[in-house]
Amino acid sequence: MQFLSKLNLKTLSTLLACVSLTQAAGSEQDAIASPDSAVVKLTSKTFSKFLSENPLVLAEFFAPWCGHCKALGPQYSEAADALVDRNIKLAQIDCTEESELCQEHGIRGYPTLKVFRGEENQSDYEGPRQAEGIVQYMVKQSLPAVSLIEDSAELASFIDSSLTPVVVETGSNLNATFYQLSESNREEYSFVQTKDSEFASKYGDEKILLFTKEFPEPIVYSGEDESAEAIAEWLKVESLPYFGELDGSTYQKYTSANIPLAYLFYNTPEEKEAWRESITKLAQEHRGKINFVGLDASKFGRHAENLNMDQEFPLFVIHDGVSNKKYGYPQDTELTTEAVEEFVKRYDAGEIEPIVKTEEIPEVQENAVYKIVGKTHDAIINDDTRDVLVKYYAPWCGHCKRLAPVYEELAEVYQSNSKASKKVRVANVDATLNDVDVEIQGYPTLILYPAGDKSNPIVHQGGRDLQSLADFIKEKGTHGVDIDALEEDNEVEAEADEPITEDEQVDAEEEAKIQIEQEDEAAGHDEL
């Protein structure tokens with residue numbers, strides 16, 4: 001991703017928003033597929049129809065200025081040409097031209113690649129970015145997602161050798177649901193359908209079973225909701241161990257479960273093992289409500305700061321990723337198994353207050369860009385009289401640094417006009433120092449909170465030059481403030497505020513003196 005990444009898993013110390021800061025060289029044309037290639041350019045008018053007519057599509061959501069898009073461009077075109085004979089289509093959507101379409105699909109960084117099987121069935125592309133790797137990945141996607149195995153011995157061997165959890169359907173009552181489930185989750189699990197009588201007699205007929213390395217026996221789905229969505233959520237929870245290890249290979253699995261994650265930062269493997277029994281017990285009691293993991297402090301200790309904790313280990317903290325709230329066990333108190341059990345119990349009862357990270361509220365706003373901190377964030381964005389544009393940034397972010405002077409100029413345009421300053425506010429917040437209840441997955445993220453419609457914030461997807469940002473505020477904001485019109489207003493205001501000369505000052509004083517004398521004379525006549 002150019003400015004957005006779920007995380008850079010190789011450097012887990014900055015788990016929440018590690019991004020590449022290197023801008024690749026090359027012209028914008030490098031990112032755009034050649035008209036001679038098999039890549040299809042899609043727009044909001046052609047998108048749905050194209051997906052309905054093609055069973056398997058890889059779509060790249062990109063921006064021409066994006067360095068990583070430029071690097072991917074030639075590889076993407078080469079892969080598209082190689083896949084023509086297999087009827088696998090590769091497409092591009094330019095998010096600088098199709099911002100609404102990109103927003104509909106949750107695009108927050110470039111390039112974002114998604115695999116589509118029709119418009120509703122989509123998944124993130126998680127393969128290589130070289131032509132050969134793209135081809136191999138998409139060919140695999142075209143193969144059946146479900147393996148049909150009728151022999152129990154062959155099935156047992158398949159389960160033992162699988163590198164991913166295995167989901168087995170016995171019988172065929174849930175056939176359509178099972179195939180829908182497999183198409184959407186083929187990267188995380190292996191799917192098998194069997195009608196083998198021996199296997200069914202052992203585990204039950206017309207069942208969905210989950211086999212993992214963690215547990216000796218399969219877990220049987222017993223939910224009343226037999227939809228693919230419900231079973232998928234069940235798999236996210238049950239496929240994880242009770243007390244797993246958090247690292248680059250597992251982080252995505254835990255975050256996609258969408259339930260709070262409890263961390264035990266440990267110093268040594270021996271220390272982790274000493275905690276295993278008590279943490280496993282807690283995990284069993286809170287299965288489906290809280291996931292529990294160990295994190296090696298010698299490798300990823302800096303992540304404690306992301307959770308509003310000091311780098312003093314061992315430590316225990318619960319992170320609710322949905323609300324981005326952190327609940328840490330007090331570090332000035334001894335960490336014991338009994339204390340952690342009580343802490344989790346109180347957390348589950350809603351008795352623990354989150355740790356909120358915030359800078360101090362500025363006494364004076366020193367720049368045109370309004371500085372927001374954790375304590376003031378909600379109040380500022382919910383100002384119902386203004387369209388509020390907020391830049392969420394990190395001090396170390398290269399793209400944020402390049403945007404800063406343009407953003408300051410943008411703020412000055414609105415602030416310098418008395419009318420516009422009451423309708424538009426341009427603000428920013430250092431997301432590394434302030435907790436905000438906003439999903440920030442990369443830097444910079446620009447979000448507009450329209451006046452009178454604060455429940456529908458709009459993420460900026462276009463260019464980052466002054467005119468593009470101003471057009472975004474004009475088109476998406478409630479007030480529709482036009483900076484071109486502001487320039488004319490500012491000229492009028494400047495003329496009205498122009499300082500008078502010394503001679504003009506003398507003349508004005510003389511006129512005022514005469515006016516006072518006339519008023520005094522009139523007042524005297526009134527007394528008669």
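Cβ coordinates come from backbone N, Cα and C, glycine included.
The stretch that TrEMBL tags with region 'Disordered', taken from the ranges 88-136, 480-528, is 480-528. Note on the domain 'Thioredoxin' (28-144): its mean pLDDT in the predicted model is 92. Its Cβ taken as reference, Cys397 (disulfide bond) is surrounded by 19 other Cβ atoms within 10 Å in the chains shown. Cα to Cα, Cys69 (disulfide bond) and Cys397 (disulfide bond) are separated by 19 Å. Looking only at other Cβ atoms within 10 Å, the busiest spot among the disulfide-bonded residues Cys66, Cys69, Cys400 turns out to be Cys69.
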